[in-house]
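Peer 1: Mind having a look at this structure? Questions to follow.
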Amino acid sequence: MSPAAEERHETRDTDLGGEELRARLSKTWGTGRGLIGALSTVDHKIIGIRYAMTAFAFLLAGGIMAIIMRLQLARPDSHLVDAELYNQLFTMHGTTMMFLFGVPVGEAFAVYLVPLMVGTRNIAFPRLNAFSYYVYLFGGLMLWGGFALSIRPDVGWFSYVPLASLDFTPGKGPDYWAQMITFTEVAALAVSVEIVVTVLKQRAPGMTLDRIPLFVWTMLVHSFIIIFAMPAVMLASSMLIMDRLVGTQFFNADAGGDLLLWQHLFWFFGHPEVYIIFLPGTAFVSAIVATFSRRPIFGYLPMVLSLIAIGFLSFGLWVHHMFVTGLPEVGAAFFTASSMAIAIPNGVQIFCWIATLWDGKPVLKTPLIFVLGFFFIFVAGGLSGVMLASVPIDTQVHDTYFVVAHFHYVLIGGTLFPLVAAVYYWFPKVTGRLMDERVGKWQFALAFIGFNTAFFPMHLLGLHGMPRRVYTYPAEMGWGGLNLLASAGALLFFASFLLMLWNMVVSARSGAFAGDNPWDAETLEWAASSPPQPQNFDRIPYITSRSPLWDQGDDKAVVGGLKVDERELVVTSITEARPDIREESPAPSIWPFLAAFATAVAFIGSIYTPWAITWGSPVVAIVLVAWFWPKTIEENV
Amino acid sequence: MVRSVIDVSGLPTYAFGSRVTPWWGTLSFCLLEGTGFALGIAGYLYLAVTNTHWTKDAVHLNLVWSALFTIVLVVSALPNFLIRRAAMRESLRSVRVLLLVMSAVGLVLVGLRVMEFSALPVRWSDNAYGSFVWLLLGLHGVHVLTDVADTLVLTVLMFTRHGTGKRFSDAEDNAFYWYFVVLSWLPLYAVLYWLPRL
Ligand code: HEM
Ligand SMILES: [Cu+2]
């Protein structure tokens, strides 16, 4: 090595300062140009944004399915769509919302925010992170591509066998469904592992366990739930597809298999799934409530403990399937039991949020307004859950629109309202510009009124006996009026999202400049610039309190001694976050994209011939070797 | 004012065991794959208990190949232990030799697993019992295959100019994962080969 290069390699962040340090670091951590550069990036922020945009696209697609269903149901005896298409619509809607939107959108925020909040420069295993995104993208495209080519699953979002077995459903729809599940679960599992390791090992020095932001705690519990829940559905969907493609007999009662096996495996995942979708929402709420109350969340320790309790209890719910044997009850009891049994830790969380608002000086900006909307709707959903759980009502209304109303209150109240809040809250960090507040408030009015108009009447329809999953109903039933109302509400609700989209586009171009910390928030992501530099922080912060940005004065304690021209980050000990290693973070690489592509081809091929796996595996293996093989000698030291 | 309070320039760039991130990644993957195995076994037991055909379907599996496989696998824990130790001491020569040993052992195990499959008295399509036998054996087989492939690549790597520094940490991590492959087999072996004989 020439002396100059030698010196370059040895430059430390303590040797430089200001603009030069920033420029050098951002060159080291940057993403290449052009298509290859874009596909090779390992920057968690870029991947996080892609995750979010893709999840939003699927939200829109799933929403359009919902709107078509509501248009069909607006009038009795309507013929806009027939029974077959209606089945496909609710299947695609449910599947898209649960797997392609609900789970990934939580991952998106975790991938973008967790590394910033713990004060590190990239997520752990950044190439795996890139891989997971492409796998998710291909899984989603496959399901929707199949839909466009009329390969359409129509057996509901939980794809019950025997309905989904070959004898009943000979087309390829359920195969696409099952492979899509596998894809998205692989992605979710990969991200969970990354988050766990990032939180445990890459926290900024000084960020002891009791200084971890609640958002990050929530995402940690969320990741553990995924790690223990998702293998069940991967196993189940693999068994389903093997039954259909190579003639295994897992679910075939005539050959010693059992239908209930599917149910048990699916719901072992299905119950935690509600919390997998719901927990990121609570993470947003914790961050937003603290910021806009101008005080830390009341009851940090009870909050963390109830999060952990939720993690465990979300699995406990599955047990009730050992007692419930009839198929219909399972569906009806699902969302109810999920919202009931964890009432205590959920109650603790809600109590702590309200106490925080009570004690603070709440500032009613759009993010907080949406959080208040969340409280209202979620509690209403909880109440209808209690009603569902009481037996006499239950026997009357299970598998009616009462259930549809109930779970949309829980899901939309629990996820979409906090999500919109999160978009308004972190948009300035991501783009550097604030979203328009006035439009935000109009959006809230539209969303709140639209949502309740759409879903409240469904409770009444359920009480009047309208079953779910019917494509139409005769005029004599007298359900027309309420259905028309519900459909009008759905349109309003949908429109509120279009308004948000418009606000995002306009604000990204011409919104007010945000600065680093527009809301005067407490956590580390607001110490980075808006949008953050590729390296996130020019100097790794040293943490001495739970609310670093509120407690530090003008005097910023930082860590020194990382190399400037190599991707180095600080690995710390688990509990105390004492600095331990300067670990090299992997550089950009095209191989994760190619690996995801090869995997996708093999999996899709396997729907048509099992040999695709045989021929695909060596290709995937070769690509993986290329991925992991060190490219330079410096990578070894 | 920005004030440097700790200097990390003297810290190592790699280490071993639970100090490094890959170890935690591997542990997480062991957790999720272990959950998969546990659920697979649970499914098998569920059918064994609830299904009336099961006793008739559950033909006994051949004990020869599986016994050989199990013995070789358990014994392989020893060179595996030595690899970990040699890697942590950064002794290139020992690591090279031991990796060659582990590669050979791995290939033998793959061969034995193939023999196990070919000696199965049921096909996956005969009945649910057969499906489960193939599934569990295959699932574990994939883990064996993955780690053997990883070991082979690592062996080659250690014989190139890359065989320094951090690669010792990789070798240690690889050995860590092999313990999971060994340990996860034991319950599977008991359930697949011995339970039906009780
Ligand atoms: C624009 C907002 C939405 C509207 C208008 C809407 C409307 C509907 C309708 C009409 C159905 C079919 C009911 C039936 O025939 O049984 C349905 C089912 C469902 N929706 Fe939504 N929905 C919306 C948003 C969401 C969201 C955000 C989620 C989840 C995060 C969701 C999850 C589901 C699920 C899981 C089903 C059940 C599908 C099945 O039966 O297999 N929906 N929704
Ligand atoms: Cu249940």
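Residue numbers in this text run from 1 along the chain shown.
Using N, Cα and C of the backbone, Cβ positions are placed for all residues, glycine too.
Keep in mind that TrEMBL annotations are predicted by a computer and have not been checked by a curator.
According to TrEMBL, the domain 'Heme-copper oxidase subunit III family profile' annotation covers B:24-197. If you look up TrEMBL, you'll see B:23-47, B:59-83, B:95-112, B:132-156, B:176-195 marked as transmembrane segment.
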Peer 1: Report the listed stretch (B:59-83, B:95-112, B:176-195) having the maximum count of Cβ pairs within less than 8 Å of the transmembrane segment (B:23-47).
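Peer 2: Between the stretches B:59-83, B:95-112, B:176-195, B:176-195 has the largest tally.
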Peer 1: Taking a Cβ cut-off under 8 Å, which residues six or more beyond the ends of the transmembrane segment (B:95-112) line up next to it in the same chain?
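Peer 2: Tertiary neighbours of the transmembrane segment (B:95-112) are 65, 68-69, 72-73, 76, 79-80, 82-83, 86-87, 144-145, 147-148, 151-152, 154-155, 158-159, 163, 168, 171, 175, 178.
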Peer 1: Let me spell it out: take the transmembrane segment (B:59-83), skip the flanking residues so only those 6+ beyond its ends count, and list any with a Cβ under 8 Å from a Cβ in it.
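Peer 2: Non-local partners: 94-95, 98-99, 101-102, 105-106, 108-109, 112-113, 115-116, 119-122, 129, 133, 171-172, 174-175, 178-179, 181-182, 185, 189, 192-193, 196-197.
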Peer 1: Residues sitting near the transmembrane segment (B:132-156): Cβ under 8 Å, six or more positions beyond its termini, same chain?
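Peer 2: Apart from its flanks, the transmembrane segment (B:132-156) reaches 33, 36-37, 40-41, 43-44, 47, 61, 96, 99-100, 102-103, 106-107, 109-110, 113, 116-117, 120, 122-124, 167, 170-171, 174, 177-178, 180-181, 184-185, 188, 191-192.
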Peer 1: Which whole number is the mean pLDDT over the domain 'Heme-copper oxidase subunit III family profile' (B:24-197)?
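Peer 2: Mean pLDDT across the domain 'Heme-copper oxidase subunit III family profile' (B:24-197) comes out at 93.
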